[in-house]
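**Student:** Okay, handing you the structure first.
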């Protein structure tokens, strides 16, 4: 995918300034991602630090729009100035495609890292945004669970692989397949935050129950406690009575995890993914783009606060 261009209004929104604050010598009709990065440096407009988050998008139920959501979320974080690594865990390579690339064009995937001990840095690819990198996936990833089975410490392979590169990134986003196996167990063990995209239907409850049981078992058996679990209602249509009833049920049974932001049903969102473009490139003014931005606005203060607490604890322990 070619690098997008942005208007002065869009650039000002990303930088958190008014268009008039953009230096006159830097003003132009269309800005590239590199132009924006230079402006960030000139104006010193970098976002609040998040403390190297590792965030997993996962639901054991398929068809929830998870990949469209995770890739557009990662893209938008990068537009806002965060250094982001998107890791495609699904052998179908949909996250790779949503960034405008074909998985088959890449020789190496995460399989090479987890099984063949290839350094993760050698598998990471550059996207059309200077601060968004990705790890591609293709059908070779379909054998990763089987290959991990006989290995010692198999559930920690991904966490260990990240150690050499995660300091370069504010956020690592994992896009996982809708299944439970060793690869997704690795992702859960590596993650700080879990995003669970759901549709407003009662079938989603079955997947949620199993997922939360899995999270609880990780806490009890492997002593891994997630910092945050965010349930995100995706593709919501308020004209459907059943959708409203399902949303009310989610609010009743999972109030502490359910994000107040709802991603409304948006044709342009789905179309953008099929075209291999994040919704913020295809139509930044669409309902899908606005709702994902609202979701980010909702969770960022929590993540910034968590990073500040962690930094304080680290300083106290060092002292």
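Quick reminder: no glycine exception, Cβ is built from N, Cα and C everywhere.
Here's the feature list from Swiss-Prot:
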type: BINDING; residues: 61, 62, 63, 64, 65, 66, 67, 68; note: ATP binding site
**Student:** Same chain only, sequence gap of 6 or more: which residues have a CB within under 8 Å of the CB of residue 67 (ATP binding site)?
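**Tutor:** Looking at Cβ-Cβ distances below 8 Å from residue 67 (ATP binding site), excluding near sequence neighbours, one finds 57, 90, 94, 95, 98, 175, 273.
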**Student:** For the recorded ATP site formed by 61, 62, 63, 64, 65, 66, 67, 68, name the remaining residues of the chain with Cβ within 8 Å of the site's Cβ center, in chain order.
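**Tutor:** Leaving out the recorded residues gives 59, 69, 178, 197, 234.
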**Student:** Please identify which of 64, 68 has the densest Cβ environment, defined as other Cβ atoms within 10 Å, among these binding-site residues.
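**Tutor:** It comes out as 68.
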**Student:** Given the binding-site residues 62, 63, 65, and counting only Cβ atoms in the protein chains shown, which has the most within 10 Å of its Cβ?
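**Tutor:** When each Cβ's neighbours within 10 Å are tallied, 65 leads.
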**Student:** Using Cβ atoms only, which residues of the same chain lie under 8 Å from residue 61 (ATP binding site) while being at least 6 residues apart in sequence?
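**Tutor:** Non-local contacts for residue 61 (ATP binding site): 178, 198, 203, 204, 206, 207.
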**Student:** Long-range same-chain neighbours of residue 66 (ATP binding site), Cβ under 8 Å, sequence gap at least 6?
**Tutor:** 57, 58, 59, 175, 176, 178, 197, 234
